Amino acid sequence: MTHIYNFSAGPAVLPKEVLAQAAAEMLDWHGSGMSVMEMSHRGPEFISIYKAAERDLRELLAVPDNYKILFMQGGGLSQNALIPLNLLGHKPDGATIDFIHTGSWSAKSIKEAGKYAKVNTAASSETALPPQAEWRLTPGAAYLHMCTNETIGGVEYQPDFNDPRLKDVTLVADMSSHILSRQIDVSKYGVIFAGAQKNIGPAGVTIVIIRDDLLGKALPICPSAFDFKLVADNDSMYNTPPTYGIYIAGLVFQWLKQQGGVAEMERRAEAKAKLLYDALDASDFYDTRVAPANRSRMNVPFYLKDESRNEAFLAGAKARGLLQLKGHKSVGGMRASIYNAMPIEGVQALVTYLNEFAANAVK
Ligand SMILES: *Cc1c(COP(=O)(O)O)cnc(C)c1O
């Protein structure tokens, strides 16, 4: 049987061990006689699942005590509205939000935030992080929003925190597609958010990590169920949380700890990405468009120079069990998403195929 490797950008591959454990526990969680799906979110069984997930995520990312972790619904996109709705209450009319635009996801964030405040695009490029010294930041901006891994275009970065201008800025980061794949200093951020379906678990859970002094600043029109302070004060149970998704996310957090945590994921991500980019760089048959310093280690967009071969490339990949390599419709080409749950063997199989396809095509 062909081994299947799933390169989907999201919903994406999950660790096999996690899926097997969830299957084994599907009908009867830990002798409770219930599936996790059937449990009250306020019962002791689910509360224990929730607390373990929260604790493990806090440990994995070394989240400081003055930060709350919220398990919300609505996906990454809803945060583009919920963050202004939650952070602008203390700002008199005329608040400006600064953005770093590096691709489709930050572009969406800018558009949505424009419904609630003035927006300033402080820097813009879809193939590299614009040099930080050139960012045109607004003095007194409500916050600075960035997407530190652009899932579609493949630009990834961490800001330079030595920049004195970042000292007094509340930084908001969309880490949907690379959270838990590299070590970060949470204390440098005001808010970190991530939809779960890329690197954490099934779609339906959105993680928000927020410094506690930012709570309680919601605009009056902010929906109660999405008011970060209400959600935090109620341990993410102001309304019914996405219980099954939180359970699977919790199993993924346990798996990550067993594998060696975020430092080990970072080491693996670098190794997997190097393998793939080296193969692409060594070939005249393929192209990449992102500046090497900002190449994503999670989402690797690439192009066949001869795009008339795209369909044949995808068909051949599928026949080998290399699935969901088609690039996002807005940019075309190919994209290999190589999240935490993608083993290096999957990337090796892809590299073998890349080389063979190129060799056969030039014959
Ligand atoms: C997938 C993604 C989103 C959107 O997530 P939804 O759950 O579909 O709302 C937002 N930001 C980034 C960086 C993403 O990769």
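Glycine is treated like the rest: Cβ placed from N, Cα and C.
What TrEMBL annotates here:
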DOMAIN    4-350  domain 'Aminotransferase class V'
BINDING   Arg42  L-glutamate binding site
BINDING   Trp105, Thr151, Asp174, Gln197, Asn239, Thr240  pyridoxal 5'-phosphate binding site
MOD_RES   Lys198  N6-(pyridoxal phosphate)lysine
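A map of TrEMBL features onto the structure.
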residue	record	DSSP (3 states)
Arg42	L-glutamate binding site	coil
Trp105	pyridoxal 5'-phosphate binding site	helix
Thr151	pyridoxal 5'-phosphate binding site	coil
Asp174	pyridoxal 5'-phosphate binding site	strand
Gln197	pyridoxal 5'-phosphate binding site	coil
Asn239	pyridoxal 5'-phosphate binding site	coil
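The residue listed as 'N6-(pyridoxal phosphate)lysine': 29 other CB atoms within 10 A of its CB, across all protein chains. For the residue listed as 'N6-(pyridoxal phosphate)lysine' paired with Trp105 (pyridoxal 5'-phosphate binding site), the C-alpha to C-alpha distance reads 14 Å. Counting Cβ atoms from all protein chains shown, Asn239 (pyridoxal 5'-phosphate binding site) has 14 others lying within 10 Å of its own Cβ.
Sequence-distant neighbours of Gln197 (pyridoxal 5'-phosphate binding site): residues of the same chain at least 6 apart with a C-beta under 8 Å from its C-beta are Gly10, Pro11, Ala12, Ala203, Gly204. Ligand 1 lies within reach of Asp174 from the binding-site residues Arg42, Asp174, Asn239, Thr240, judged by a C-beta closer than 6 angstroms to any of its atoms. Separating the Cα atoms of Asn239 (pyridoxal 5'-phosphate binding site) and the residue listed as 'L-glutamate binding site' is a whole-number distance of 11 Å. With respect to their backbone Cα atoms, Thr151 (pyridoxal 5'-phosphate binding site) and the residue listed as 'L-glutamate binding site' stand 35 Å from each other.
The CA atom of Trp105 (pyridoxal 5'-phosphate binding site) is located 35 Å away from the CA atom of the residue listed as 'L-glutamate binding site'. Thr240 (pyridoxal 5'-phosphate binding site) is surrounded by 12 other CB atoms, counting those within 10 A of its CB over all protein chains shown. A sphere of 10 angstroms centred on the C-beta of Thr151 (pyridoxal 5'-phosphate binding site) encloses 28 other C-beta atoms. The number of other CB atoms found within 10 A of the CB of Asp174 (pyridoxal 5'-phosphate binding site), across every protein chain shown, is 28. Between the candidate binding-site residues, Arg42, Trp105, the densest Cβ environment within 10 Å is the one around Trp105.
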